[in-house]
Amino acid sequence: MKKFDIFKKGLFIENPIFVLLLGLCSALAITTSLTNALGMGMAVICVLIMSNVIISLLRNIIPNEIRIPVFIVIIATLVKCVQMIMNAYTPALYESLGVFIPLIVVNCIILGRAESFASKNGVVDSFLDALGMGLGYTFAVLVISFFRELIGTGGLSLFNPFDASQVIFQFSAFSEYAVSLFTQPAGAFITLGCILAFIQFLKVRKEKKAKNAEVK
Amino acid sequence: MKILKLALFLAVVAGLSGAALSSVYEMTDPVIQEAKIASEKENLVKIYTSGEEFKAVETNLSDYPALQAVYEASSGGSVKGYVYKCSVTGYGGASTPIVYLIALDKDGTYKGYEVIDASGETNGFGSKVKDQPFKDGIVGKNIGDSIDTISGATISSSAVVDGIEQATQHYEENFK
């Protein structure tokens, strides 16, 4: 059961974006469409899992004094590999994500998990932690991009990120009432702010309930 | 002593990651090059129609602002000619450039001319750079012949001709 908890905490309780507020830069920038968010999420999951596993394997031989430079070299190498592979096999996605693929290197989620989890825990636990955190990140960017695309363009569309010609679903409901602000960076901040406020509301309500239960 | 050990460890990590990167690069580079050409291919085959093979040419284009890419057309191992992808500013301004391909054959003639995008040009005037008469004024001519611009569409057509001249210049300096 403990293993499942390691996996689960990244999804909600310690969701990297909504709760830990890590990696916001990419989360704000690439969430203009569901397709981009899904593609970016998968790239982050790949890098996160590989970096966590490698760092966890090497955790006993990496000298403590230079662990951060070593982590960064490993992460940068993985990101560059993912970037080249995406450029080769998913050129359309590569184009639309642009500079944010190389920027996964400085995504604090990845270095954060390496430093706070993978360097102290075993391979299996690190793998589960990476998978949970990666899925949590993907879930969060999908939620943000859902609202941004819906309000910003008046419809939703999802293409297969590996093959732009393959449409999974696409509809346009009220494109004449679209608020194009939401496809702009300001819209990203507004969306994220509203979602964070909603999560905070849920949290406070839960705490209050717990307190009331205690009193009774 | 300790600092040497640390430096050595970091150097080994960097070396390993360099090795990993170069092997991934070797693996993906041909696919990337192929994908680049595939997106251009539907236009390239309009110029070289008998099943030639195309390869992107690595060359320094910084002295030629109009040129975007160079492709080598070959059949059975022998080079037939070079296709230049040009992008020039016409009447539509820099945001909607005229993009076209100009092919220079090994025998010293202009082999083909295909406009990819001239959506910024005025219909009926600048858009004439897409039309057959202008094309006929280019294709088949020898390199170095002057190409007539279109009266009434001077800005668009001289922009195109300027790009063709740059392509010719590059061709003469690199492939002749």
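Backbone N, Cα and C atoms are what each Cβ position is placed from, and that goes for glycine too.
Annotated features, as they stand in TrEMBL:
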TRANSMEM  A:12-31  transmembrane segment
TRANSMEM  A:37-58  transmembrane segment
TRANSMEM  A:70-90  transmembrane segment
TRANSMEM  A:96-114  transmembrane segment
TRANSMEM  A:126-147  transmembrane segment
TRANSMEM  A:181-202  transmembrane segment
Looking at the transmembrane segment (A:12-31) and the transmembrane segment (A:70-90), are there 3+ C-beta pairs under 8 A, with each pair at least 6 apart in sequence?
no
So are the transmembrane segment (A:126-147) and the transmembrane segment (A:70-90) touching or not, going by 3+ C-beta pairs under 8 A with a sequence gap of 6 or more?
no
